[in-house]
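Participant: Here's a structure for you.
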Amino acid sequence: MAKLYYMPYIFNEGMPLASGPPTLPEDFTPEKSGFRVLVEVRRMKGHFPAQKWRKRNQEWQCINNETLLPDHVRNGHLAKNVPYRPYRPVYVPFAMTVSPTTDAMGTSEETRSKQTKGSNDDILSAKIAGRVARPVYHCTSARLHDLAYDPWPITTIDTHGLSSLKAPSTHTRILIIGAGFGGLLFAVRLLQAGFSRDDLLLVDSAGGFGGTWYWNRYPGLMCDIESYIYMPLLEETGHMPSRKYVPGEELRTHAEGIAAKWELEQRALFRTTIRTLEWDEGGNQWIAHAEQLGVFTDAKQGGNGGGGPLTFTATFAIIASGTLSKPKVPNLHGVDDFQGHIFHTARWDYDYTGGSPANPAMHRLQGKRVGVIGTGSTAVQVIPQLARWSKELIVFQRTPAAVGLQKNQVTDPVWWKGNILKAGSGWQRKRSENFNAFISISNPPCMENLVNDGWTSSPSFSAAIGGALNMQPDFLDLVKAIDRPRLEAAQDHIRSTVRDDTTAEALINLNHGWCKRPCFHQGYFETYNLPHVRLIKTDAAGVTGLSPKGILVGDTLYEVDLVVLATGYDLGSLCPADRAQIQVLGSEGVAMKEKWAGGPTTLHGVMTRGFPNLFFPGTSQAGVTANQSYMFDRAAEHVAYIIQNSTLEAGGYIDKIRIEPTAEGEKHWTTQSVARISAFAATTACGTGDYTISNRYRSSDVDTMARHMPWGEGMASYVKILEAWRESGTMEGLDIRYHSSEGSR
């Protein structure tokens, strides 16, 4: 099998390919970029001739010499300073092995055989590679090219204040990858630990703060975790959420408010993607190779450019890019033949639907037939909104979502003052931990249920996240007994709400409450009583594909004008580098992905040996809960302590510090985490679901799978261990060195 790699520096618009290969920076090498190269530019909707290039023996060679590529036209506008997007670009991360597979356009078996059995395996067709290696911001279909662009107007970027960061010699002390709630929490906790704003640099491919709440702006968007515990730093900012579950716009503006309060706007580098992090042992620093995507005042018409390669260094690096950053696009046959409109919920097209994120009145859908593919948490929120405006709505469901009732309400200022603020200092953390206790069956009988919502009424979810009772031999019987009333109540609610019996039965989720992340909504099931809304239950294979007129399920065609892909995000690998799509090379030149191939070894789930001064909040060997903001906050607090104490020991000279786990330290922690794997035994009773072993932790090697699992005793146990470790002051399990001009000590 061959290895194929996407080349990030691709053709400029209208460039005569016959005149030479793609332009590369003078210092470009595959090792620095994190990719090897295979470039294939193919026909665009059958209209444009194409050329292939390959690099062989350090020289570019043209494989087939044809004509020039015309300027690329997007949505009727000439796109300037935007890389040409090949029809089926090859985009394969470093070290990923690509095997032949059926092409989405239906390449014949004979053709595939010729392509894969050629004398030079390095020139495999992009048609084959494209299906195996689906990129994040580059798609195998020209129809879905909008996933490669930021559709939102600039509101938070000072485009003039970042020019100094473009110099290759730029150095920052602490690099934070991600500017969502996770990245902001790390920045704030580091500032509170005594570091200055000038010590920090936040880098994000988005055009502003917010992370998943920056990219997602679809109608009906809200967080289904109570906003009083999910929205970080409420106590410090003094912000009162407008509702128990606030809409997405408020979450995004809250992220911007956090950045403003701690004056982080000038310490953020947006529309920038880090491709490679490489440890420089001699310089005791990370070398970051990045690509600036440019600043666009109107993403659909191009912009003022400003993109290009960027290299800088950092003493410490924190990967805080989160898990919901890679839109999942189904490999649908016939996408490019569909004559209607299509987009993903992560890049909502209000130009087509009408409305805006602040006022999603989709008046342009009146008279339109809309098809929604997917029934996960995103679809549950967006389907009722689409039903309000469309002429006809067809929902295509493979497996039903587990949807509980969400009782949202406006926040009463009097209640807020008399109940929330009255709890005193630390109220948000206490409320969060109360929530954690109830969803992990760790609450004492006398404990008041402060959040009191669908989550805290579904304690069987403990089987997916760990808890104090999970280690008991009879836990599976216990959790099934706890879950049975919830399951029966959910079935009764659907049957009493949905008038059509066939539709009602199709909407019933029979899985245990811990097998798939639950959803919560007001009015989802009622939507299916509307005369213009239909539910199509597919088989396990899902939708067959698209035709020029609509969506195919088997041989049946459902004609639609718009296809909405509510297919969620690709959770992908549990390796932090893979999840962030960064090639991370450690002190021995070993890629993090390679080290994690046999299962991770970590200290506290936030560091791994061989990758000095690198931190990564995640789920492997760490405590988890449904409230990801709490997880980020606890990790940020812990990492800030480690860096702060090490800096104090070094006399304040942060650039001299080199920190990594000892071999014994990470072995001990990993052993302790693996010893608690029985806490997740109940997940073996599940089928396919985003929290099951079969889906997220599947491995032919049981030990590898066990190393990827969270801390089995739950979040409270994990936090208690970390607090005791910090209180001891010994920094046990860490190898801390202080570099000087004479070496390290």
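Glycine is no exception: its Cβ is also placed from the backbone N, Cα and C atoms.
So Swiss-Prot says this about it:
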BINDING   Thr212, Trp213, Tyr214, Trp215, Asp224, Ile225, Tyr230  FAD binding site
BINDING   Met222, Cys223, Asp224, Thr375, Gly376, Ser377, Thr378, Ala379, Val380, Gln381, Arg398, Thr399  NADP(+) binding site
CARBOHYD  Asn65  N-linked glycosylation site
CARBOHYD  Asn627  N-linked glycosylation site
CARBOHYD  Asn645  N-linked glycosylation site
SITE      Arg517  site 'Transition state stabilizer'
TRANSMEM  174-194  transmembrane segment
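Could you tell me the structural context for the features on the list?
Facilitator: DSSP assigns Tyr230 (FAD binding site) to a helix in the three-state reduction. Cβ contacts within 10 Å of Tyr230 (FAD binding site), excluding its own Cβ and spanning all protein chains shown: 24.
Taking a C-beta cut-off of under 8 angstroms and a sequence separation of 6 or more, Met222 (NADP(+) binding site) has the following same-chain neighbours: Tyr245, Val246, Pro247, Gly248, Gln381.
Mapped onto three states, the DSSP output places Asn627 (N-linked glycosylation site) in coil. The Cβ of Asn627 (N-linked glycosylation site) has 22 other Cβ atoms within 10 Å, all protein chains considered.
Long-range Cβ contacts of Asn645 (N-linked glycosylation site) within its own chain (separation 6+, distance under 8 Å): Gly729, Met731.
Following the DSSP three-state reduction, the secondary structure of Arg517 (site 'Transition state stabilizer') is coil.
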Participant: Counting Cβ atoms within 10 Å across all protein chains shown, which of the binding-site residues Thr212, Thr378 comes out on top?
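Facilitator: Comparing the binding-site residues Thr212, Thr378, the most crowded Cβ belongs to Thr378.
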Participant: Can you tell me which recorded positions out of Tyr214, Trp215, Gly376, Arg398, Arg517 are within 10 A of Asn627 (N-linked glycosylation site) by Cα, answering none if there aren't any?
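Facilitator: Qualifying among Tyr214, Trp215, Gly376, Arg398, Arg517: none.
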Participant: Please report the Cα separation of Arg398 (NADP(+) binding site) and Arg517 (site 'Transition state stabilizer') in Å, rounded to an integer.
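Facilitator: Cα of Arg398 (NADP(+) binding site) to Cα of Arg517 (site 'Transition state stabilizer') measures 16 Å after rounding.
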Participant: Please find, for Met222, Cys223, Asp224, Thr375, Gly376, Ser377, Thr378, Ala379, Val380, Gln381, Arg398, Thr399 as listed binding NADP(+), the greatest distance between any two Cα atoms, in Å.
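Facilitator: Between the most distant Cα atoms of the NADP(+) site, 24 Å.
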Participant: Where Trp213 (FAD binding site) and Thr378 (NADP(+) binding site) are concerned, what is their Cα separation in Å, rounded?
Facilitator: 13
Participant: Please report how many Å separate the Cα atom of Tyr214 (FAD binding site) from that of Thr378 (NADP(+) binding site), as a whole number.
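Facilitator: Taking the Cα atoms only, Tyr214 (FAD binding site) lies 15 Å from Thr378 (NADP(+) binding site).
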Participant: Can you tell me which parts of the same chain pack against the transmembrane segment (174-194), counting only residues 6+ beyond its ends and a CB-CB cutoff under 8 A?
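Facilitator: Residues 200-204, 206, 208-214, 232-233, 236, 255, 258-259, 262, 264, 267-268, 270, 274, 286, 288, 314-322, 580, 582, 617, 628-629, 632-633, 635-637, 639-641, 643-644.
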